[in-house]
Amino acid sequence: MLIQAVTIFPEMFDSITRYGVTGRANRQGIWQFEAVNPRKFADNRLGYIDDRPFGGGPGMIMMAPPLHAAIEHAKAQSSQAAKVIYLSPQGKPLTHPKAAELAELPHLILLCGRYEGIDERLLQTSVDEEISIGDFVVSGGELPAMMLMDAVLRLVPGVLGDMQSAEQDSFSSGILDCPHYTKPLEFQGMAVPEVLRSGNHGLIAEWRLEQSLRRTLERRPDLLEKRVLIPKESRLLETIRQEQREIQS
């Protein structure tokens, strides 16, 4: 997989290309990265790529021509079709299913905005999709781009040492992950649940499912409204709800 970022701050991406599981996978050649600086495509000696907005208003707007040239340069680096994504609070929310969809693609170009935004004409002519990481605003698109990259790359075969890690993550199955424990057996008076030390894999699997459902019901009940429950899940969920009703009464 080739991922390119159109950014005026290429150095920011060192954190994902050099460190952790994504950095290791990059060194192993499982995925490749290139930062494309639109300043190199500016039509002025100083590399300005922004100007004042027509109609007035605060801040500066990134100009379409240098960004368009940077995107076209990025596309030319691969013979495979690229999907151009603009990281924007106005985009559709990034979800696990969307990350899984993007993980299947061979070439992504991530457009990282700065200042007050990007000329609308560039978005209409050169961007395939706008994606948001949440209902809040940050100073630029680089951090959202790296969050998207991390979510996507975890689902690319070979990036994680064990793909089961990705399969057990929160949201991968549509519900939140269960609690996890390791040594020591006791910490500040709290012991590891006995079932996890029993060696009974069937009981452990059922406990983890029950805990995932319990946590999802408490923290993200909206996820359960979207999920088609299998009979075992329905049974466990009804038991949890009955417990809650008894506590409240």
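Any Cβ shown, glycine's included, is placed from N, Cα and C.
Residues annotated as S-adenosyl-L-methionine binding site in Swiss-Prot, with similarity to another entry given as evidence: Gly113, Ile133, Gly134, Asp135, Phe136, Val137, Val138.
Shown here: features listed in Swiss-Prot, placed on the structure.
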residue: Gly113; record: S-adenosyl-L-methionine binding site; Cβ neighbours (10 Å): 25
residue: Ile133; record: S-adenosyl-L-methionine binding site; Cβ neighbours (10 Å): 20
residue: Gly134; record: S-adenosyl-L-methionine binding site; Cβ neighbours (10 Å): 11
residue: Asp135; record: S-adenosyl-L-methionine binding site; Cβ neighbours (10 Å): 7
residue: Phe136; record: S-adenosyl-L-methionine binding site; Cβ neighbours (10 Å): 7
residue: Val137; record: S-adenosyl-L-methionine binding site; Cβ neighbours (10 Å): 7
residue: Val138; record: S-adenosyl-L-methionine binding site; Cβ neighbours (10 Å): 12
